[in-house]
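Down below is the structure, laid out as structure tokens.
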Protein chains: 2
Amino acid sequence: MMDDTTQREPSLLPHDDTRGSSMSQVSKRNLYYLGPQGSFTHQAAVAASRALAGLSNEIIPVTQTTIPQIMAHVRDGDGWGVIAWENNVEGYVVPNLDMMIDADDVVGFAHVGVDVAFDAFVPNGSLERGVVPHEATAHPHGLAQCQRFIAQRHLSLMPATSNAAACRDVRDGQVALGPSICGELYHLDTLGHDVQDYHGARTEFLVLARRDDAPDLIAKAKADGRTEFETIISFIPLSTGPGVLANLLDVLRDAGINMTSFISRPIKGHAGTYSFVAAVDAAPWQPHFRHVLTEVVEHGDWVKTLAVYPRRERPNPPVNEWMLPQGGVCFTAETIPPAWDGTPEAARELLW
Amino acid sequence: MMDDTTQREPSLLPHDDTRGSSMSQVSKRNLYYLGPQGSFTHQAAVAASRALAGLSNEIIPVTQTTIPQIMAHVRDGDGWGVIAWENNVEGYVVPNLDMMIDADDVVGFAHVGVDVAFDAFVPNGSLERGVVPHEATAHPHGLAQCQRFIAQRHLSLMPATSNAAACRDVRDGQVALGPSICGELYHLDTLGHDVQDYHGARTEFLVLARRDDAPDLIAKAKADGRTEFETIISFIPLSTGPGVLANLLDVLRDAGINMTSFISRPIKGHAGTYSFVAAVDAAPWQPHFRHVLTEVVEHGDWVKTLAVYPRRERPNPPVNEWMLPQGGVCFTAETIPPAWDGTPEAARELLW
């Protein structure tokens with residue numbers, strides 16, 4: 001369960017697949033996502049409802065029009081939610097991150113990833129009727145992400161409010177560009193798979209539950225054989241100035257905890273104040289990480305766990321010279337020239 | 001010069017305002033920005049061309065269709081560029097940040113901010129002709145950001161590929177929503193100012209020059225009386241694992257250097273590898289910061305300065321309890337209960 005493989009051809013009715021789990025199950029569970037139907041988040045909801053099938057007999061993706069509506073449903077114990085968290089090209093989905101920092105009663109307990117891949121759709125039977133498309137329709141971002149396909153077919157552009165709306169409303173003579181889920185959802189014919197210019201973009205989503213339900217959900221993941229977890233944690237040092245962050249990270253280092261991502265954010269509505277969000281390879285109940293959290297709280301800082309979920313397989317390659325960006329300054333002990341800091345190259349790269 | 005005030009009613013022809021500077025000036029300078037004309041980035045380019053008027057007799061905003069085109073012009077010494085860097089709601093513009101990390105010969109030397117504010121435009125003379133608008137047109141993001149205005153006037157939605165295109169192509173019966181610059185640019189009548197739902201969104205832009213030209217530009221800013229600078233710096237530790245970031249930040253702390261923002265990014269194309277980008281209140285030529293950079297390089301890490309620009313006025317308030325997000329755990333030395341770490345509240349907020 002809770003794998004993060006992409007669901008290329010999702011079934012819109014999640015499997016009733018309990019995979020031999022002996023856990024007692026809630027019979028039905030709503031999973032709220034940001035619509036419209038046919039969005040990448042819908043695709044993530046379908047992927048999550050499959051991945052989490054061991055936790056409920058039936059997980060039903062339910063569309064919402066705003067993230068606060070999703071948060072309210074989850075907080076009220078009225079189901080789970082799924083929100084976009086991070087994209088490997090665009091970075092964190094910062095408004096959702098800010099909302100999770102400030103959410104009183106909502107926590108992430110699972111994780112799914114979806115490839116940002118576009119299929120090209122035409123109305124059902126359109127090709128058999130001999131219709132030749134002359135226009136591409138999608139959200140402007142979708143149009144921008146499929147420029148090569150559009151140019152090859154000499155299509156003109158028709159922007160839509162969303163990729164899903166473009167697919168839903170596609171007419172003869174148009175090609176709608178959207179997530180693969182739209183084909184099944186709107187009974188469209190698929191003209192092409194993966195027609196986006198850039199391959200490899202991926203969005204990671206968090207699955208949310210009421211905070212009080214999280215321990216039970218985590219226990220089920222453990223019972224299902226998951227032993228390693230990741231945690232997303234938020235800190236606010238109440239002091240400011242040089243060193244507050246260094247002092248905080250020293251505590252993590254001294255405990256041997258590996259961070260996999262880190263970001264600072266202004267506290268909502270208070271420019272010049274900062275919260276920090278870190279993803280770490282540890283679970284809060286592990287003694288070494290619990291010790292860190294205790295120490296940070298007793299130092300007077302504000303701390304909150306935003307999510308705990310089974311660890312994803314991630315590469316962890318060493319950084320080699322050929323991976324480094326262009327420019328910059330970098331020497332090994334063997335290659336460092338004498339008086340390197342007086343060279344024009346150092347001045348150029350460091351601007352000192 | 002180089003202030004970051006918003007240009008609400010920009011002149012499209014920048015002032016020839018040398019403010020008594022005795023610097024020798026290049027007579028003309030292209031300033032490349034991401035189009036279309038009438039985008040928020042165009043507005044930033046106009047603001048920058050005013051703020052930097054002391055550096056050139058004439059700064060001419062020139063539209064480009066991609067960021068790589070802008071970078072190429074700057075690298076070739078063919079003018080300056082302006083790119084979006086950070087938004088207070090959405091966070092860093094990560095693709096631009098990644099591009100700057102990897103740019104061999106481009107560096108930021110100035111900084112401008114633009115409010116994300118929408119004006120509502122109708123075709124010139126439309127109101128006098130008695131036309132009542134029934135439709136709102138903008139990029140879907142623009143439509144989403146002006147929902148209250150649209151609902152109050154019972155307008156239907158007509159998505160466009162960009163706000164600027166919506167303004168350029170606005171017809172009788174439509175209201176186009178876009179940056180204030182579009183009014184002058186497309187000779188439109190303004191139906192309302194600042195019609196966006198959320199006030200306070202702001203995007204910060206970097207102005208870019210060829211790296212070899214930066215020292216001269218910085219010297220001119222100093223000659224113009226600017227004494228305090230901020231630096232955006234990128235680090236890549238060649239080792240990985242617990243503590244690499246803490247060790248790096250210890251060096252900054254020990255030098256008394258204040259960081260104002262911090263983010264980790266995977267090295268482009270190498271999942272699981274990390275670069276770090278920090279904004280600090282110091283200039284690389286100041287001895288204490290130069291010492292830090294020297295120490296980090298001699299430790300074997302990769303270092304590059306991405307931008308140096310005159311310091312912005314920023315608030316730096318202490319964090320008070322009422323500023324803290326909902327939930328979480330936070331005690332002062334006076335309020336900390338005995339055995340707090342065994343309480344259900346601690347378990348709930350920290351998930352241990």
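Yeah, the Cβs are placed from backbone N, Cα and C, and that goes for glycine too.
According to TrEMBL, the protein carries these features:
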DOMAIN    A:30-210  domain 'Prephenate dehydratase'
DOMAIN    A:233-311  domain 'ACT'
REGION    A:1-24  region 'Disordered'
SITE      A:Thr203  site 'Essential for prephenate dehydratase activity'
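Assigned with DSSP, the residues of the domain 'ACT' (A:233-311) fall into helix, strand and coil as follows: 23 helix, 33 strand, 23 coil. Confidence over the domain 'Prephenate dehydratase' (A:30-210), given as mean pLDDT on the 0 to 100 scale, stands at 94. Cβ environment of A:Thr203 (site 'Essential for prephenate dehydratase activity'): A:Phe40, A:Ala44, A:Ala84, A:Trp85, A:Glu86, A:Asn87, A:Asn88, A:Gly113, A:Val114, A:Val116 lie under 8 Å away, each six or more residues apart in the same chain.
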